[in-house]
């Protein structure tokens, strides 16, 4: 009887371990099933960034906005249908999120070298974000893989969960906390704004009405962002918008944060010291950024038999 009980216990343990191995993300997930997948993603990303440097920031932002809405499941890529409430039309993404055609290109090329759809759109977003940062001279990190794709999207969740450029520090901290991210993650990931641009309507109030802003910087931004009109006019988020460096943080220390939510990180609050550290030490920022990107990529992934591997990233199979 005892030996039979031990046998069943042994079987249960083995099944449990097998289930964990099947469900957990790992950096070698595609090594056997499609070893050419990651080099193919890197090649397409490099080509896209070479053609348009801004695309690197756009691909990084797609991954961020995906993970903050019900986890890293590629829900941001789904187009509107009678049953899909597309996140592309949410406040944070409408006429703003971009790079979808690059993701389509990656998916097509990867499925071609793999011989079938084995790489999820969610994993493509995660790897493309990493490769975009590398292409703009930023750090590398081991991307955990094995995510599967959602069969739903939620514009409401996108509106509620993606942080806005008008948030103050306490709102930002609470927003990130809901995703399992702490204050260091908040500052490090906000450093993604070392890349890319923002539209005039997102920073108009700051450059005309706020007082904790360098006056010369404000006047310069006003030249391309009038009090009315020009909503989509662009301004760089830091002085070197296509280079991964620490000037974003140097700007905050000098009261030259473009967005209210940027400057909130250096406004007499608990994140001031970390901003100062990053402004002086690119190596520390790069290391923390990479670690926080890995942590963000762990937000509620679909694994195992959950979700699906989409054939077309824009629609459910």
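Positions of Cβ are set from backbone N, Cα and C atoms, glycine also.
Taken from TrEMBL as is:
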type: ACT_SITE; residues: 65; note: active site, proton acceptor
type: BINDING; residues: 66, 69, 71, 73, 75, 87; note: Ca(2+) 1 binding site
type: BINDING; residues: 163; note: substrate binding site
type: BINDING; residues: 193; note: heme b binding site
type: BINDING; residues: 194, 238, 245; note: Ca(2+) 2 binding site
type: DISULFID; residues: 34-114; note: disulfide bond
type: DISULFID; residues: 67-72; note: disulfide bond
type: DISULFID; residues: 121-313; note: disulfide bond
type: DISULFID; residues: 200-225; note: disulfide bond
type: DOMAIN; residues: 24-317; note: domain 'Plant heme peroxidase family profile'
type: SIGNAL; residues: 1-23; note: signal peptide
type: SITE; residues: 61; note: site 'Transition state stabilizer'
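Taking residue 193 (heme b binding site) as the reference point, the recorded positions whose C-alpha atoms are within 10 Å of its C-alpha, out of 34, 65, 69, 225, 238, are 238.
Residue density at residue 200 (disulfide bond): 19 other Cβ atoms are found within 10 A of its Cβ, drawing on all protein chains shown. Relative to residue 75 (Ca(2+) 1 binding site), the disulfide-bonded residues with Cα atoms inside 10 Å are 67, 313, the candidates having been 67, 114, 313. If you average pLDDT over the domain 'Plant heme peroxidase family profile' (24-317) in this model, you get 98.
Listed in chain order, the extra residues whose Cβ falls within 8 Å of the Cβ center of the Ca(2+) 2 site residues 194, 238, 245 are 191, 193, 195, 237, 239, 240, 241, 243, 244, 246, 247, 248, 249. Residue 225 (disulfide bond) sits 16 Å from residue 238 (Ca(2+) 2 binding site), counting Cα to Cα. Here is what falls inside 10 Å of the CA of residue 67 (disulfide bond) among the binding-site residues 73, 163, 194, 238: 73. Residue 163 (substrate binding site) has its Cα within 10 Å of the Cα of these recorded positions: 65, taken from 61, 65, 121. Cα to Cα, residue 200 (disulfide bond) and residue 194 (Ca(2+) 2 binding site) are separated by 17 Å.
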